[in-house]
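Record features (TrEMBL):
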type     : residues : note
COMPBIAS : 110-123  : compositional bias 'Pro residues'
DOMAIN   : 23-482   : domain 'Major facilitator superfamily (MFS) profile'
REGION   : 93-128   : region 'Disordered'
TRANSMEM : 21-45    : transmembrane segment
TRANSMEM : 171-195  : transmembrane segment
TRANSMEM : 201-218  : transmembrane segment
TRANSMEM : 230-253  : transmembrane segment
TRANSMEM : 259-279  : transmembrane segment
TRANSMEM : 300-318  : transmembrane segment
TRANSMEM : 338-358  : transmembrane segment
TRANSMEM : 365-385  : transmembrane segment
TRANSMEM : 397-417  : transmembrane segment
TRANSMEM : 424-443  : transmembrane segment
TRANSMEM : 455-477  : transmembrane segment
Amino acid sequence: VPPDPQHPPRRWLAQGRGSPRLVLVVVFVALLLDNMLLTVVVPIVPTFLYTTEYEGANSSAPPAQTEAAPPALKAPPFSSLFSYFDNTTVPVSGSESPLEVPNGTESSRPPAPPGSPPGPPRGCPEGHEFLTKENVRVGLLFASKALVQLLVNPSVGLLTNRIGYHIPMFVGFTIMFLSTVMFAFSGTYTLLFIARALQGVGSSFSSVAGLGMLASVYTDDFERGNAMGVALGGLALGVLIGAPFGSIMYEFVGKSSPFLVLAFLALLDGALQLCILQPSRVSPESTKATPMSTLLRDPYILVAAGALCFSNMGVAMLEPTLPIWMMQTMCSPQWQLGMAFLPASISYLIGTNLFGILANKMGRWLCSMIGMAVVGVSLLCVPLAKNIYGLIGPNGGLGFAIGMVDSSMMPIMGYLVDLRHTSVYGTVYAIADVAFCLGFAIGPSTGGAIVRAIGFPWLMVIIGVTNLAYAPLCWCLHSPPAKEEKMAILSQECPMQPKSYSRQKALREFPLTEDSDVEAENVE
């Protein structure tokens, strides 16, 4: 039905539904919200669990009561603390005066906890042992999203090959909205864990379908690289806004506030999808997709996926462990725990947009190789920081380098499928997303355990050296060969070309054809 000239909005929608740029906008917003929700919990969860669990368990012990709520120490005289453990109000008459507690005993403010480096005692959380154990629990909580996404991704890739990209995209939005609302009203570790796992399902639908949709809309390799750079910019912006937004809103408004804002933005994204996308008119891919097992046996796809996995594993290990390390060594206030990730996010945003264009000119394999080397060096420099300002350089370098790797490897994935397999993209971007998820699943879960065993600095050394060691493998991607079947299809006009793949066998069976083979080479 042609658009009605009397209704400009309807005409705009009809034009927009065929526009690749508006598809890019939808994917950009979906990745933005997914990654805002991914990182908004990073500064909230460690302090939320510390406040609710450590304070609750130790409310009868005076030192813990004093330390559990650092902002209260700066309160004016005659302020009070409310204990949720036994529902009593504890009056405080200044930060240096004795503290009255429910059992009638008094205690002066204790010194800095044993085992932490010397630093300003005011505002340092107590419970060094609790914080060390919390590394593991927070790591598992963060990893749950990626583990679930890892399990769901392959089936989403197959689903997109059958029913198209638009319906899975909308399903992803719906699940993401439910997860966000659940985060807002979860008060225990178990409910937070379930909400995080549910986010993994929604993220799998939206990211696999979104990247596959982009690859199918932008068929030119150069344009596809630029579009992937813009879409990954949405991912970067989500990471950029998430952690600082979460820490500031949690400290000054409350735990639910950042999640309710994200839920509202998710509703806007859903409305945008309904307006622009056409779920009812989407047909499945006309060409039969290459099976995932075949793609997973392709060494070039595996090298690209490995680069995505290891480069992102570094920041995945930082997410649960860096805030707790800052609480222990720098006595950082709550708002700084999220702001520490700001340099990485800003530089990632710059890196993805800059190298979406530059990588195609300098060689995507070279761009990713340099990126992985810089990731390794940046991670090695993180433990050298003595305060939040010392983290600006290492985290900035880390974000910029991961931007280089991501903006190079995502287009390479589509290019490898075009060159060596069938040009259907749902499955290969499911593999790319699996690589991301492996990094974000292994990173936090093992990172917390390694910190508990040998300490945060050694964790950074291990993952930094791993990235440096993997970087040379990116050289393999500098000129990947096409598959024989692809070469035959691409050069159907040249009947001598397919012969070159069976030349050895032909020479053994028919020695007389040797001269004709040489002539064929000369003609080529």
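The backbone N, Cα and C atoms fix where each Cβ goes, and this holds for glycine too.
TrEMBL: automatically predicted annotations, no manual curation.
Long-range contacts of the transmembrane segment (171-195) within its own chain (CB-CB distance under 8 A, at least 6 residues past either end) are made by residues 30, 33-34, 37, 41, 45, 49, 52-53, 137, 140-141, 144, 201-207, 209, 255-256, 259-260, 262-263, 266-267, 269-270, 273. Note: the stretches the transmembrane segment (424-443) and the transmembrane segment (300-318) are in contact (3+ CB pairs below 8 A, sequence gap of 6 or more). Taking every listed stretch (21-45, 300-318, 338-358, 397-417) in turn, the largest tally of C-beta pairs under 8 A with the transmembrane segment (455-477) is reached by 300-318. Contact between the transmembrane segment (300-318) and the transmembrane segment (365-385) is present: at least three CB pairs lie under 8 Å, with pairs separated by 6 or more positions in sequence.
Along the domain 'Major facilitator superfamily (MFS) profile' (23-482), the predicted structure has mean pLDDT 77.
Counting Cβ pairs under 8 Å that are 6 or more residues apart, the transmembrane segment (259-279) and the transmembrane segment (365-385) reach fewer than 3 and are not in contact.
Beyond the ends of the transmembrane segment (230-253), by six or more residues, the same chain brings 24, 27-44, 47-48, 71, 210-211, 214, 261, 334-342, 344-346, 348-349, 351-353, 356, 399, 403, 406-407, 410 to within a C-beta distance below 8 angstroms of the stretch. Within the same chain, the transmembrane segment (397-417) packs against the transmembrane segment (338-358): three or more Cβ pairs sit under 8 Å, each pair at least 6 residues apart. Within the chain, the transmembrane segment (338-358) has long-range Cβ neighbours (under 8 A, six or more residues past its boundaries) at 39, 42-43, 225-226, 228-230, 232-233, 235-237, 239-248, 315, 318-319, 322-323, 326, 332, 367, 371, 388, 391-393, 395-404, 406-408.
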